[in-house]
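Visitor: I am attaching a structure below and will ask some questions about it afterwards.
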Amino acid sequence: MQNDAFKSKVLIESLPYFRQFSGETVVIKYGGNAMIDESLKQAFALNIVLLKYVGVNPVVVHGGGPQIGRMLQQLNIPTNFREGLRVTDDATMDVVEMVLVGKVNKQIVNLLNLSGAKAVGLSGKDGQLIRARQMEMVISKEAQAPEIIDLGKVGEVTGVETKLLHSLQRDGFIPVIAPVGVDENGETYNINADLVAGAVAGALGAKRLLLLTDVPGILDKDGRLISSLDTARTMQLFEDGTLKGGMLPKVKCCLEALEDGVEKAMIIDGRIENCVLLELFTDHGIGTEITRACS
């Protein structure tokens, strides 16, 4: 009886959020341990299905770095990283596309469909969904000339074809996007999944952008979770060195999404079961939320 009462309390607490998000788009970047652990995979799929059932329009953008790494190792193709990004030559690009588009994407689509959704797998090449160009990286070091790093076919997003996504949403489908883009000449690019998720969220005018990670959220210099930030305070964390490593591109894409009109961006711990529902539909949420600074 107590358990039933608790469940009822949770549903009542969630009701205002169901109303708030009904008809809205939420973009979720799916990656990390949530893509590997079987119980977390099942929970994620059910979270996405429930979003759809209560009137939310979820869009999933996924990563797949570990899967790419394993396939490159099996094929004896050497891997090189610069500034946290995989240097992508032609052979590596072929493997990236094969793994992300041909395997990981289809596994996620199948999981969602078996859980009761209508999911459709896409890459950025489908309908020129994700337009891209080669990423230019220049590293400046004190007392040294700037270093230009050639990352090969690593790209950055230049545009998103929203008509395709809107059409799928109107017909009740959940888009699942592999972070592979294409330029005007048909060249294929490997793009950081966080950056694709942020660009898609901004282009769609999403209400929320959620990035699933393997950490609790943004941490201060003492390792404590920062639950809420605005853009001004976030820029201070860039400047004082609090943000570093893999958190840098995540926060960067959050700020760009907010600038493009997304209401809130969240960095949450994908290792927590039902993390998507806990973030969106409870009073306290989890992880770190970033909002635009008050003018």
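Backbone N, Cα and C define each Cβ position, glycine as well.
Quick paste of what Swiss-Prot says about this protein:
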- LYS29: site 'Transition state stabilizer' (SITE)
- GLY64, GLY65, ARG86, ASN190: substrate binding site (BINDING)
- LYS250: site 'Transition state stabilizer' (SITE)
Visitor: Looking only at Cβ atoms, how many others are within 10 Å of the one on ASN190 (substrate binding site)?
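Guide: 26, counting other Cβ atoms within 10 Å of ASN190 (substrate binding site).
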Visitor: Just to verify a number: CA distance, LYS29 (site 'Transition state stabilizer') to GLY64 (substrate binding site), in angstrom, no decimals.
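Guide: Rounded to the nearest whole number, the Cα-Cα distance is 11 Å.
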Visitor: Using Cα coordinates, what distance in whole Å links GLY65 (substrate binding site) and LYS250 (site 'Transition state stabilizer')?
Guide: 15
Visitor: Using a Cβ cut-off under 8 Å and a sequence separation of 6 or more, which residues in the same chain sit near ARG86 (substrate binding site)?
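Guide: Correct list: GLY65, ILE68, THR79, ASN80, THR92, VAL96, VAL154, ASN190.
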Visitor: Can you check what DSSP calls GLY65 (substrate binding site), collapsed to helix, strand or coil?
Guide: helix
Visitor: Taking just the CA atoms, what is the gap between LYS250 (site 'Transition state stabilizer') and GLY64 (substrate binding site) in Å?
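Guide: Cα to Cα, LYS250 (site 'Transition state stabilizer') and GLY64 (substrate binding site) are separated by 16 Å.
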